[in-house]
Amino acid sequence: MNALNSRRFSFAVYSPGKVGVYGRDANPGSGSSAANPCCSNPCQNRGVCMTAGPDRYECDCTRTGFYGQNCTTPEFFTWLRLALKPSPNTVHYILTHFQGAWNIINNIPFLRDAIMRYVLTSRSHLIDSPPTYNSDYSYKSWEAYSNLSYYTRSLPPVGLDCPTPMGVKGKKELPDSKLIVEKFLLRRKFIPDPQGTNVMFTFFAQHFTHQFFKTDHKRGPAFTRALGHGVDLNHIYGETLERQLKLRLRKDGKLKYQMIDGEMYPPTVRDTQAEMLYPPHVPEHLQFSVGQEVFGLVPGLMMYATIWLREHNRVCDVLKRQHPDWDDEQLFQTTRLILIGEGPAAVCSSSSSLRGWSEGETIKIVIEDYVQHLSGYHFKLKFDPELLFNQRFQYQNRIAAEFNTLYHWHPLLPDTFHIHDQEYTFQQFLYNNSIMLEHGLSHMVKSFSKQSAGRVAGGKNVPVAVQKVAKASIDQSRQMRYQSLNEYRKRFMLKPFRSFEELTGEKEMAAELEELYGDIDAMELYPGLLVEKPRPGAIFGETMVEIGAPFSLKGLMGNAICSPEYWKPSTFGGKVGFDIINTASLQKLICNNVKGCPFTAFHILPPEPTEATINVSTSKTAMEDINPTLLLKERSAELGKLSKGGVKTRPVVSVRDDGQRSGGCRIIHGEVTRLSSWEKVSLTEAEQALSLGKKLREQEKLRPENDFPGCNSPSSLTVCPQDHGMIWIFLFQPPALFADTRMESLCSDVPVKACEDEDINPFIL
């Protein structure tokens, strides 16, 4: 054996009851008798244990950065890296404090890019790619790699010949799962998430993850029906071609829909013949049919299904206008790619260069709205596939069973649901699509944005209504023979807990858990995640974040559309498709598809600001029209008027964003003046601006923005005086028309100037 291999391979003799050279985790425990020496997990630091006879094992330390009998001795550069690397909790503290410093870093592109690149690579490299194990193969095999019907595994299952369910630690039998749920997980009192998470986030998480967490219960918890293993939007389009074709209109690339009171909703099962899971008592006209067959379960899921249906058909209209020669199939397929891009997430660049196209509609929302909120970071996350183009990275993904288990965030659910002026219990909420029709999407979005979600970590937070789901998660984890919580912590470079008290952060639950499990190294994964003490002011504990983040980021960045061959304008129908992707956000998704453009976010909103009514419809005629859009944000202080030489100021427009940007522009004697902070604009002025804009648009028969060269910059403010004297303000697509320079009621007779300094431009959202 050469010198390299002599350091990377280690041999040891395992004798039951004898510690010898083994580390703490290799101790088989008092009185245990293990036929398989690997049951004690003797190989550390991601070393691979192989049996070499009835009582011998080998540790393969190749490319771990460690050597020695159990892969415990670090190589020099590994030692140096570990010595300099701060703990995950220290990193979290830094990222969630020192906001002033992070504000500076967020505005220095090369620093922000460097940090984001490190975040992506350091997290993604913790995920094995290609996949290594599944629930039936505890060693590498072609079956584990090639059989897509399995969830992969980040750790192999505990051997069937091991003396305890967790290997060699703990008791020979695990405590009753029902007892665990009732004693440690079941909610006694609703505790709002201290991070401010709302119900809008809760249903987004459930809706989004149902495209890749689709356990095949007929075959068992180790199997999945989501063979795409990632973000492919099968929950919108169906997981099979047969279902997809049933949902498609077969015209202009669109999905089937029905119009109810002038708004677009999913078709019924009768209209599509695409089966859904509804109990017999649900009326036929309320059996809506969408891509994921379980989305009729609660109105929150059907709300998001309806929003994405509207978005798909809206994008089809945009592409059809741009490419009138395209057939139904090309319009459909390109729209699907745009929506996949829309959902995962990115940041919007104000540059018109190709580098600015580092966003996507679904992926963008997930990273910049969803993951950003979860992290609580002051560092602004950024989705830019180009950051990885020169890195060692594989554009493939396999969903892990542990990731599926980890994502059971049922504690987020409140005890009841508040919509408009009504309160619904779980029983009233289930399979009740009439709620969506009764209140409309606008009231649902407003209400869910204001209602608190529950705390996840800390124990005793699972709602009574879903306790059976929590019990099933524990039972299925045992069926798949998950290793212990501490083994998963070590797998993801975390220090193992030394006691139950260190896990829970208190004494009472810790003592009860120790009595039931016997050893902290025998604590199960799923209950451990839910009883772990939360980070200060955070939604989760350390383990949930440090294990979940690598799975999430690898799954998003491993998508085919993020690869160099796909990330091109031509993939998305040219500039028009990239413009949709580049300006995507949760707020814009709602504004484009929900009447009234209600303000939303994934966190509890402050007291509702004054809003102007916006007539946004998803009917065929209205969606092809250009509607004025005015969003107003007010300060708590009454600062609605400024004076300059005694002259009253009049607004061009004031835009409400995520609260992180301030400043604005107003006309004062025809000059645009920067405001130091947001000002309150009266509803009368706002309505007047809208009314005048509508009338003038009708009188002038104004053309869409694409007919005006140089006036299409959807990611920033554009003021374009045309030959008809209008001022166009491009905020979203379509643009919003607010004022005419010739109208004395709003503007002075002096020509209006735009804000020339992009740094003070308040209209970049």
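Backbone N, Cα and C atoms are what each Cβ position is placed from, and that goes for glycine too.
Where the annotation comes from TrEMBL, it is an automatic prediction and has not been curated.
The active site, proton acceptor annotation in TrEMBL covers His210. Here TrEMBL flags Tyr407 as active site, for cyclooxygenase activity. Residues annotated as substrate binding site in TrEMBL: Arg123. Per TrEMBL, heme b binding site is recorded for His410. Annotation comment: TrEMBL describes 34-72 as domain 'EGF-like'.
Structural mapping of features recorded in TrEMBL.
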residue	record	DSSP (3 states)
Arg123	substrate binding site	helix
His210	active site, proton acceptor	coil
Tyr407	active site, for cyclooxygenase activity	coil
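Cα spacing between His210 (active site, proton acceptor) and the residue listed as 'heme b binding site': 14 Å, rounded to the nearest whole number. Sequence-distant neighbours of His410 (heme b binding site) (same chain, 6+ residues apart, CB-CB distance under 8 A): Val462, Pro463, Val466, Val469, Ala470. In this structure the C-alpha atoms belonging to the residue listed as 'substrate binding site' and the residue listed as 'active site, for cyclooxygenase activity' are separated by 17 Å.
Mean pLDDT across the domain 'EGF-like' (34-72) comes to 93 in this model. Listed in sequence order, Ala205, Thr209, Phe213, Gly548 are the same-chain residues six or more apart from Tyr407 (active site, for cyclooxygenase activity) with CB atoms under 8 A from its CB.
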